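Chemist: One structure follows; several queries about it will come next.
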Amino acid sequence: MAELSILLTLGFMIVAAAFSLFIARWFKQPALLGYLLAGIIVGPAGLKLINSPEEIALVSELGIIFLLFTVGAETDLLKFLRSGPTLLIGGFAQILLTILIVLFVLPSIGLQAGLYVGLAVALSSTMLVVKLLQDKKMLHSLHGQLILGFLLVQDLAVILALPLLAADVSSLNIGYFELLALKGIVLIGALILLSKMAFPKLYASAAHSSELLYLTALATCFAFIGLAYFLQLSLAIGAFLGGLAIARLPYNVEAASSMRGLRDFFVMLFFVALGTQLDFNVGSVPLSYVVSIILLLFILKPLVFYVITQIAGYGTNTASKVAFGLLQMSEFSLILLVQGKNSAVIPPAEYSFTIMLAAFSMAVTPYMMEHGPRIVESLKKSSKLKFFSNYELFSRKLKALQHVSEKKLHHHIIVLGGGRTGKHMALNLGKSYPIVVVDHDPNVVQFFRKKGMMSVYGNAHNTEILDHLHVEKARLVVCTMPDEEEAKFVLNYLKRTHPKVPVFVKASYYEDAWELYKAGADYVVLSEIIGGHVFTENVEHYLDTGKPLRPVDMVRLKERLLEERETHHSRQEWL
């Protein structure tokens, strides 16, 4: 009967999760909010179908384990260590400052509860923000890279903090830390040994079969969990280090991807179980706690990120995008709050209120990322924001990325977008003409500068960049951005302000080409259609002669491959 009860509980959770996810998708909200809603529906606050979520607590905690394993597998520690003081010092400073403020303004909740709540408020959601940046094609932009760096610092900080927070305060003495360090050395030693000696050959063999790769990754995860359990360390730490052990292998992404289905299922169970434990009777929460947490999360936290990014020299616009992008609380925040509640450190009412506030912060994130920077731009005239915009110190790195010699801006060609099409065009035309490449990825800007070419950081919507490049003196403007709406915006601006300058645009569909010609484009290249014609021509030639139209130049192909890797995997010197 116990087995049947667990199956029914799982069934209720899965059905409710599917239903709630439809609702979340309909309102364009994160899946995590849908799962919390599912827990509320089937839990004591809703239909009361599940009154004892403890039955599946152990199973649902596998979600945390698999989540941390995939985070570890996709973490490049070397890239992190090379990322510079902005992210390392700034990221840890933001966390420490938030915790100290919580302890200062809420002394009544105690030291241990203050540490839990402070760290929970300091963290931001990696899963949510990365998805939003990917949807907007801004993952490789300047603010996208800064946000990713801060998120990585936060993820590593919470991994290190979990075992310390779980420990009894009275046991935190020198002997405890010595023993913890010794256990950590054993676990990290196993990581280094296996990742250098055993895993390269093991995963090279396993990579020939997707099933074998999946099982090998799963076995690695549980092997490190077992070692952590034997050493009496956090299972979450073991899972993260297990992922880290394969992070430098060529198959790390495939291994992590193979476990995503399993991870997502157990993560879903974890958050649905979390939703069943929410208590809406939060009237007993002290008003000081409510006001302090709201102000910390929605005012102080983004302000800290804003100031750190400004001091680093990235300017008002980038700083506001970073601040609003990291405003929300994290999935790890919820894990911390659960641990605090289970340890009887965080009172139930404060726990439920903070969980609901975390869910609300995630729900408003897409809107804050969209409209927040515009609000900041409109407030630039206020004295506080004017302080930052008036001093070149606070935009020195941004200005360095946007610097170009004005003496060379004469009869030049402006290429908007340094992706595959833009890069190919710029590298070839650059042999005969002065070229300026504009791109929102700072790695692309650095790539062209290393080639001795002019390149500036910027977004096509920023018309100041176009004016800065003296469009009126340009021979030609070429738009290679994949977004037709962005291309249309640039085209309308250029034809309104500089109608004599020819503008070539890339499009994917005939309808887009028609609209672009109507907007005034001098020439529209249908890149995918041309690619289809070339592909067809090669196939027909092979069918007629038995040989490809042109022999494959492997040397040139390898050069292009290395250039592509250099663009996106080089050291981020702009940080």
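Just so it is clear, glycine is given a Cβ too, placed from its N, Cα and C backbone atoms.
Grabbed the feature section from TrEMBL, which reads as follows:
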type	residues	note
DOMAIN	410-525	domain 'RCK N-terminal'
TRANSMEM	6-24	transmembrane segment
TRANSMEM	31-50	transmembrane segment
TRANSMEM	56-75	transmembrane segment
TRANSMEM	87-109	transmembrane segment
TRANSMEM	115-134	transmembrane segment
TRANSMEM	146-167	transmembrane segment
TRANSMEM	179-199	transmembrane segment
TRANSMEM	265-283	transmembrane segment
TRANSMEM	289-309	transmembrane segment
Chemist: Quick check for me: are there 3+ Cβ pairs below 8 Å between the transmembrane segment (31-50) and the transmembrane segment (87-109), leaving out pairs under 6 residues apart?
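Modeler: Judged by the Cβ rule, the two regions do not touch, with the required three close pairs absent.
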Chemist: When secondary structure is assigned with DSSP, how many helix, strand and coil residues does the domain 'RCK N-terminal' (410-525) contain?
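Modeler: Reading the DSSP string over the domain 'RCK N-terminal' (410-525) gives 51 helix, 25 strand, 40 coil.
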Chemist: Give the nonlocal contacts of the transmembrane segment (115-134) in its own chain as ranges (CB under 8 Å, at least six residues past its ends).
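Modeler: Here the qualifying positions are 30, 32, 71, 94-95, 98-103, 106, 109, 141, 144, 147-148, 150-151, 154-155, 157-158, 161, 165, 293, 296-297, 301, 325-334, 336-337, 339-340, 345-346, 350, 354, 358, 362, 365-366, 369.
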Chemist: Given the cut-off of 8 Å on Cβ pairs that are 6 or more apart in sequence, determine whether the transmembrane segment (289-309) and the transmembrane segment (87-109) share at least 3 such pairs.
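Modeler: Contact confirmed: at least 3 Cβ pairs fall under 8 Å.
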Chemist: Counting only residues 6+ away from its ends, which parts of the chain sit with a Cβ under 8 Å from the transmembrane segment (265-283)?
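Modeler: Residues 10, 13-14, 16-17, 31-32, 35-45, 50, 53, 56-57, 59-67, 331, 334, 338, 341, 348-349, 352-353, 355-356 contact the transmembrane segment (265-283) from elsewhere in the chain.
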